[in-house]
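Only one structure is covered here, and it is reproduced in the block below.
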Amino acid sequence: MSDKSNDGGENDSLPMDNININSIDDENNNDINNQDDNENNNNNNNNKNSDDNEENLKDYKNKKEDFGNIKMDTIDDRPTNNGILSPIDITSDGGDSVKTLSTTQSKKLDEGEKKEGEVGPQVPFFSLFRFAKPFDILLMIIGTIGALANGVSMPAISIVFGRLMNSFSPENLADPNFDLVETVTSNAMYFIYIGCGVFVCSYVEVAFWMLAGERQAVRCRKAYLKAILKQEIGWYDVTKSSELSTRISSDTLLFQEAIGEKIGNFLHHTSTFICGFIVGFVNGWQLTLVIFALTPLIAAAGAFMTKMMADLTKKGQDAYAKAGGVAEEKIGSIRTVSTFSGEPFEVKRYTERLKEALDIGTKKGIMNGIGIGLVFLVLFGTYSLSFWYGGKLIVDRKWNPVPDRPWQGGDVLTVFFSVIMGAMALGQASPNVASFANGRGAAFKIYEVVDRNSKIDPFSTEGRSIEETVQGNIEYRNIGFSYPSRPDVKIFNNFNLTIKKGTTVALVGDSGGGKSSVIGLLERFYDPDEGEVYLDGTNIKEINIHSLRRNIGLVSQEPVLFANSIAENIRYGNENATMDQIIEACKTANAHDFISALPEGYDTQVGEKGVQMSGGQKQRIAIARAMIKDPKILLLDEATSALDSQNELLVQQSIEKLMIGRTTIVIAHRLSTIQDADQIAVVKGGAIVEIGTHPELYALNGVYTQLVNRQQKGGDDGDKKKKKKSKESSKDESNNNIGPSSISIDKSIQSIGADSLETSTIGLVNDNDNKKKKKKEKKPQEKSVPIGRILKLSRGDWPHFLIGLVGATLNGAIMPVFSIIFSEILGIFQEQDTDELTRRSRNMALWFILLAVVAALANFIQIYCFTFIGEKLTFNLRRLSFESIMRQDIGWFDLTENSTGRLTANLATEATLVQGMTSQRLGLLIQNIVTIVAGLVIAFVSGWKLTLVVLACVPVIGFAGKVEMDFFQGFSQKGKEAYAECGQVASEAIGGIRTVSSFTCENKILEKFRQCLQKPIQMSFRKSNVSGLSFGFSQCTLFFIYTLTYWYGGKLVDSGEWPAKESTLETYCYNGEYANIGYTDEATCIKSFTTTEGFSMMMRVFFAIIMSAMGVGQSMAFMPDLGKAKLAAVAIFSLIDRVSEIDPFENKGQTLPEFKGDIEFKDIKFSYPSRPNKAVFQGFNLVIPHGKKVALVGNSGGGKSSVISLLERFYNPSQGSITIDGVNIKDLNLNWLRGNMGLVGQEPFLFSGTIFENIIYGKPDATMDEVVEAAKAANAHTFIESLPDAYHTQLGDKFTQLSGGQKQRVAIARAIIRNPKVLLLDEATSALDTVSEKVVQVALDNVSKGRTSIVIAHRLSTVIDADLIVVVKEGKVVELGTHETLLAENGFYAELVSRQM
């Protein structure tokens, strides 16, 4: 793995305070941009070595099925630096990773694909650090030293405890010169020294590893996006791009977790394990061997759990990948979903995709519970054996070689603590191993893309530069070509075409003939399988890819704009363009006037995928973008298709001027626009069947003549042949279109509600709502969500809660009970009577056995039950969130903060974060509460004075936790917003990859992505330092409390605070019995037993409080997650509580017994909510009689589409009413209303799935016969049947299997199948070729009979037979009548007609 893949150059200076935060970004231009330099040298020669990710897409079926509940989550508990003996904190780190699903027709599995039952592929562990720079390596080395040193602290404590206990031996206590207080104080000082070391080491461990991980993850994100952007378009055809953008967030997060502070935590506990056993063997190898014999059982239980959890987590990630794909697709196509009232079905479908994860989550809880239960069973069993055997060593007076004396109680304590803590540390390290496994699995998929040699690499510096030499001679020589997604279907076979420089060549022919493939090959979106494409005699493969594309200007049928200002979108064509150049280009494209009319002019944000612009406005911006490029070669794929006749004529003239002196390839269905071309090539079946000028071809009386004659017959009353300035736009691929690879916003109807100038601003919600939302997002932590409301969602799981509560309560009591047993053992080891020592040690061993069984059962019950509750809660939150998203009005989706990328990312993460309040954390919280209460009760009963002194220190620990929690709350929100913005940049770039490639703006996208990462980079420094300091402070505080406890406890023992039991004194001290056990007088004997009893009680208080403090500490460790959970809960419930003005889930409103279709717009006043002062309609009135065909005509931006928008109730008018059959549509049931309307938009949006499933989306219960009948009516049946899988052909998420015309016909079939009472046709035939258009138009005319039809048209020839033609201008009806009457008036309509003559 080459170091070139690393990106970033560092300011390698220490200390950390001098770190240059911006250094990471300075690296970007060097390493990220050079990451693939060596790879680029072989890109064109290693095509066969490039494996595309492929996976079969699942069909969405069984629409009426009820689905189960589900949720997978990440358990990410941060282990604390444990006290003496902490409960094992073994939890599995999972993740909401998103797996890339890819469309495939070849049915191959990706080389890294996991077979059933196998562990997913992973990279070697050290490969995780491929993005590390020297400074990161230095940080990791220092962090490693700190972690290893931190791990030594607990074994060191065991030595101190052993020494302290041995100081209480009968020999010392019998010595009159023995100073108890001084002895205890001197030993307690060691805790101060260790505590100071722990503070420094904890800070270094956490801060350095966290910072190093964040820095490397930033580079990984940048490298991953760059690798995605460098792939050839064919790779996108077989890779589901709707999940690629999510993977940038999810997989890189798993990657970051595997290289951050979890490594420090793992090294810390590994060090404790090793040092613990070293101390054990040095201080007593016999007992150590006995304990060590059982240690592998603990490791085996941990390994078993880790493997099972990793495998189940991988499966859960796959399940969520499918759910994420559904959510992104449906949110991005919300207008299509709303049109067909598909919201309830989509909620069910989303739930269905989570069904598999329900079983996985349940199994995960079971396996986790079994694994941890086994660990505790073995652990307490080891305690039992240890103390029994330790007592035996003391009784038998076995010789301990290192201190060179018989075994004493302190030796047992030292060995026991050190070895057990070492074993426990091994268990605590195991969750990190699961994180490493998840990170290595995520890295495999990331590296798979990063290391893939793109067949056509846009970042390659190889090849000739042609900027100064290009002339424009183009030759296609013996081309053979098939699309990667359909290698079995030949597009070209020995295709040949020569285009001379400075000439215009038009490609014409029926849809699906292969015209757009010509452009795709010239742009090098694809390379031919056979033959070559030449530019000025040079094979284009030998030309630098950026140099080639910089000299080509492409304007396609479906323009893609990015969520930026108009000026920035145009600047994609020329990064160095001045504002004057941008304005000039817009004037040429006839866009300047409408842009200048906007309040913010060229700084107006266009919205995601240009959603705020009408179709015509988007097209003009796209033309300006191409013009400012000043290309030597122009590729026009129906470049004026979305313009009205007035704008089309002006822009066409501008384009014709631009074409002068340039080589131009024009794809056209409308032959009147290309009759002046130097050459016209008729493409049919992937071959050129005729070529020549218009007169030459027309004289042949062949295919071209037939095409011309068909269009003349369909002209304006049979008038002249130049009358068709229409909106026929098409992608003519037989199985691919060269438009955007994955248009995630709703293309079929996105222009509806955006046709007027009033739509050209971001956000279509009312100002008050917007202000509230912004206020809420600024400081979401100020608003709290009652925990009761969250738990209320789990009220159906109360049996699990009650059972889990019992388990958590038992679990919480275990460690306080352990403190009692342990303090008794300390007294036992000071027992002088060997028979009594043997008996009591055997009894304590049995107590430990009982404790082991209870701990195993309690842990299983607690973990399983609360995991189950958490899974169900997160399912409910995800379902409710998605349902709330689906119920929102269309304007809500137009807000930038509600973009597809952000909503899907939040949907995937916020519900998981809320689980921080429930699931295992809730169980642990209950357990800790019981531990705290029980520990305090025991402590107060055993010694209230010492307890009060120690409790006075607890607020200090609480303060440290509060500081950390407050910090994480602020960071969580800021980091979330920053990464959401980064995700949106990536999502847009991937979704519009063909536009990104065509305009060579990959580096611009990367720079924008880098800028988005600036904030997380800067915050990472503060985050790592505050985390390290607060963690170190909270841990060292424990050691200072140890010091205070022992010092004050020693004073209390010395003062006789805990007198010995009277029965003990009667047995061993009174009546001369003291002599039998070696004491010289009764007073010394009494003092010795009183001191021993006092020491035992002091340790009981100490351990009880430590257990409580550890409970507090562990709860504090949850504070960052709790802070994130609170923020996420606020966001989720804000979404769930939002009342939609137009709610598709409301089953209220009346339905009419008979739907006739009389429609009336009465005194309509309407402004888009974001522009209340700019009226679209002011007193708009229109009556549409039932059964009539009404055409809306006029210039682009006049408000025509707003009529359909209001009728579909995408928006509500601010004043006036819209009635159907005399009933206000607000009073009608929304789904019933939309169910009686069929809408076909200009730009069709289909869903991933089969053609059959797309058609029945209009009528879910349709039969196959109905589907076929609808397809026949839309002239789609024949081409569908010609496909290998016919109606079961998978479309994927980019629909590359269909041409633009074919997509439109499927969309028309989808509308026809519902047998609507009202037809809404917004240029429904615009994407069809002449033959298909004519047939479909006849079909639409037939189905329109007896129905109310509203047709929006720029091409007037399609509406001359309308019963009523309505001329809409600036939001007003200026003329009304039939074609003949309006012509006779010689008004605005007559002017429109004359323009098209």
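Placed from the backbone N, Cα and C atoms, the Cβ positions cover glycine too.
As recorded in Swiss-Prot:
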type: COMPBIAS; residues: 24-39; note: compositional bias 'Acidic residues'
type: COMPBIAS; residues: 49-79; note: compositional bias 'Basic and acidic residues'
type: COMPBIAS; residues: 107-117; note: compositional bias 'Basic and acidic residues'
type: TRANSMEM; residues: 137-157; note: transmembrane segment
type: DOMAIN; residues: 140-438; note: domain 'ABC transmembrane type-1 1'
type: TRANSMEM; residues: 191-211; note: transmembrane segment
type: TRANSMEM; residues: 273-293; note: transmembrane segment
type: TRANSMEM; residues: 369-389; note: transmembrane segment
type: TRANSMEM; residues: 407-427; note: transmembrane segment
type: DOMAIN; residues: 474-710; note: domain 'ABC transporter 1'
type: COMPBIAS; residues: 735-744; note: compositional bias 'Low complexity'
type: DOMAIN; residues: 801-1124; note: domain 'ABC transmembrane type-1 2'
type: TRANSMEM; residues: 801-821; note: transmembrane segment
type: TRANSMEM; residues: 846-866; note: transmembrane segment
type: TRANSMEM; residues: 922-942; note: transmembrane segment
type: TRANSMEM; residues: 948-968; note: transmembrane segment
type: TRANSMEM; residues: 1028-1048; note: transmembrane segment
type: TRANSMEM; residues: 1101-1121; note: transmembrane segment
type: DOMAIN; residues: 1159-1395; note: domain 'ABC transporter 2'
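Stretch with the largest number of CB pairs closer than 8 A to the transmembrane segment (369-389), among 273-293, 801-821, 846-866, 922-942: 846-866. When the stretches 140-438, 474-710, 801-1124 are ranked by Cβ pairs under 8 Å to the domain 'ABC transporter 2' (1159-1395), first place goes to 474-710. Confidence across the domain 'ABC transporter 2' (1159-1395), taken as the mean pLDDT and rounded to a whole number, stands at 84. Long-range contacts of the transmembrane segment (273-293) within the same chain, counting only residues at least 6 positions beyond its ends with a Cβ under 8 Å from a Cβ of the stretch, are 151-152, 154-155, 158-159, 162, 382, 385-386, 389-390, 393, 398, 400-403, 407, 411-412, 414-416, 418-423, 425-426, 429.
For the transmembrane segment (137-157), the list of distant contacts is 12, 14, 81-82, 84, 129, 190-191, 194, 197-198, 200-205, 207-209, 211-212, 215, 263-265, 267-276, 278-279, 417-418, 421-422, 425, 1039, 1042: same-chain residues at least six beyond its ends, Cβ to Cβ under 8 Å.
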